[in-house]
Amino acid sequence: MYLSRFLSIHALWVTVSSVMQPYPLVWGHYDVCKTQIYTEEGKVWDYMACQPESTDMTKYLKVKLDPPDITCGDPPETFCAMGNPYMCNNECDASTPELAHPPELMFDFEGRHPSTFWQSATWKEYPKPLQVNITLSWSKTIELTDNIVITFESGRPDQMILEKSLDYGRTWQPYQYYATDCLDAFHMDPKSVKDLSQRTVLEIICTEEYSTGYMTNSKIIHFEIKDRFAFFAGPWLRNMASLYGQLDTTKKLRDFFTVTDLRIRLLRPAVGEIFVDELHLARYFYAISDIKVHGRCKCNLHATVCVYDNSKLTCECEHNTTGPDCGKCKKNYQGRPWSPGSYLPIPKGTANTCIPSISSIGNPPKFNRIWPNISSLEVSNPKQVAPKLALSTVSSVQVANHKRDCECFGHSNRCSYIDLLNTVICVSCKHNTRGQHCELCRLGYFRNASAQLDDENVCIECYCNPLGSVHDRCNGSGFCECKTGTTGPKCDECLPGNSWHSGCQPNVCDNELLHCQNGGTCHNNVRCLCPAAYTGILCEKLRCEEAGSCGSDSGHGAPPPGSPALLLLTALLGTASPLLV
């Protein structure tokens, strides 16, 4: 009896645990880079893909506000209570610690009572926009592993953009738009992550989900990382092999979750009504109590440790790799092209270890010999460090001695000597590079000025908006060539007098210069909605004029001056006037 009861309780516990555990406890953490194993030849090293543990990345960031004097308290000012917008006796004073709200309070210990928060100055300069940029910088490439969560102490802003940078803040791309009215604020249809799919997971959306409503978590805004993971790994993230396979093979997907900086652009504070209450402008400000960013150092699956020293994060590289992100092979370990580790096959992945250079194994080759690709070397023992070399001859195109003549900045380990030109050129440049020495960027990419020439992130995709740009190429600063009426670094904004409708189109009407006439209303800047009696682009014509029936009994408007009907009516009124006296 006791055994059956125990088994029933155990089965119940297993069922409850599986329901309560939304995500697997083990994803294949890849927390070991190598281990010793025993083979017939004795102890050998077995290498595997590895990565640092995911952690709270806010401990390592630097925060910057723009404008720099936007924080409240200098000079001291009063603001309205958040619970009662008409109780305006709260004070912000930067010189008094108990009344100060500096930026570092966005990242202190959450759960303190009373809660601590950063706060901006109030909207005392209305109607000038109250806008703030909050930039979070790591001076290191990081990979996001969990949702970005922003907790507002004030109401959530009416308009906000979350942006990312992959080149240390030199250029920015939007991550997500937030608004109470996406169509009005950003000319975008509102969506949520639930509207996306595997095919559209990289789509940049505008969501109204976090800017409207009064639910319990009405002060919180998310950027959903795990929901996007779930398109590949399933709703409970149990099929991680599928996600890892996509991250391995799809660079754009991997880059989507990779950042060096984040920027929160606060464009309009929470108003709550249609109109701003100009008599109580101290009601309007921004206040943030907490920002959560979870991720890990990007080490290309070649390190498990990322150290924070001298205010800088650095990977402690394994697998004979080096660089800030373990993005190249060490000197004398360039026997094959550098490659990032691979998550597959689960659970150990593939290390893709850098191996000794050919010239460091034996005598350097002459120009009448070609050193083979490492995959074609005869290796009697797979664990053997120095393989046996099999050389083949070439005639007109010969591979150069890479230690002396082949300089490809780590983007290729193959180069050819061309007799006719008496020169050496790199072959099969990687990392979106091209040129004789892989020193140029492919079309559609531009040079990352903050990266060295041997950095794998030296070339950044232009990301030109296909609807607003002439082509997908940009200049050396990352600016795209825009179509008429379009502006912005990525050609995703419209010049005044234009509105976004699958690209920037000239306004047919607006509320400034091109007013709809005769009671017409402007619809999305593309046409006037005219009353029944009027027509024309701006409702400037009587509909009956087009039909030639303004003098008929159709009832369309008044008869035009000088018409026979109007003359007859005047004569009749003149004859009848003495009777009225």
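Each residue, glycine too, has its Cβ placed from N, Cα and C.
Just so it is clear, the model here is predicted, and its values are computed rather than measured.
Pulled from TrEMBL, these are the features on record:
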- 1-28: signal peptide (SIGNAL)
- 46-296: domain 'Laminin N-terminal' (DOMAIN)
- 462-506: domain 'Laminin EGF-like' (DOMAIN)
- Cys462-Cys474: disulfide bond (DISULFID)
- Cys482-Cys491: disulfide bond (DISULFID)
- 505-540: domain 'EGF-like' (DOMAIN)
- Cys530-Cys539: disulfide bond (DISULFID)
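In sequence order, Cys464, Asn465, Gly468, Ser469, Cys480, Glu481, Cys482, Lys483 are the residues of the chain that are 6 or more apart from Cys491 (disulfide bond) and have a CB within less than 8 Å of its CB. The distance from the Cα of Cys539 (disulfide bond) to the Cα of Cys474 (disulfide bond) comes to 42 Å. Sequence-distant contacts of Cys530 (disulfide bond), defined by Cβ-Cβ distance under 8 angstroms and a gap of at least six in the same chain, are Cys516, Asn518, Gly520, Gly536, Cys539.
Helix, strand and coil residue tallies for the domain 'EGF-like' (505-540), in that order: 0 helix, 10 strand, 26 coil [DSSP].
For Cys482 (disulfide bond), the Cβ neighbour count at a 10 Å cut-off comes to 22, with all displayed protein chains included.
Within its own chain, Cys462 (disulfide bond) has Gly444, Tyr445, Phe446, Asp472, Arg473, Cys474, Gly478, Cys480, Lys490 as residues 6 or more apart in sequence whose C-beta sits under 8 angstroms from its own. For Cys539 (disulfide bond), the Cβ neighbour count at a 10 Å cut-off comes to 24, with all displayed protein chains included.
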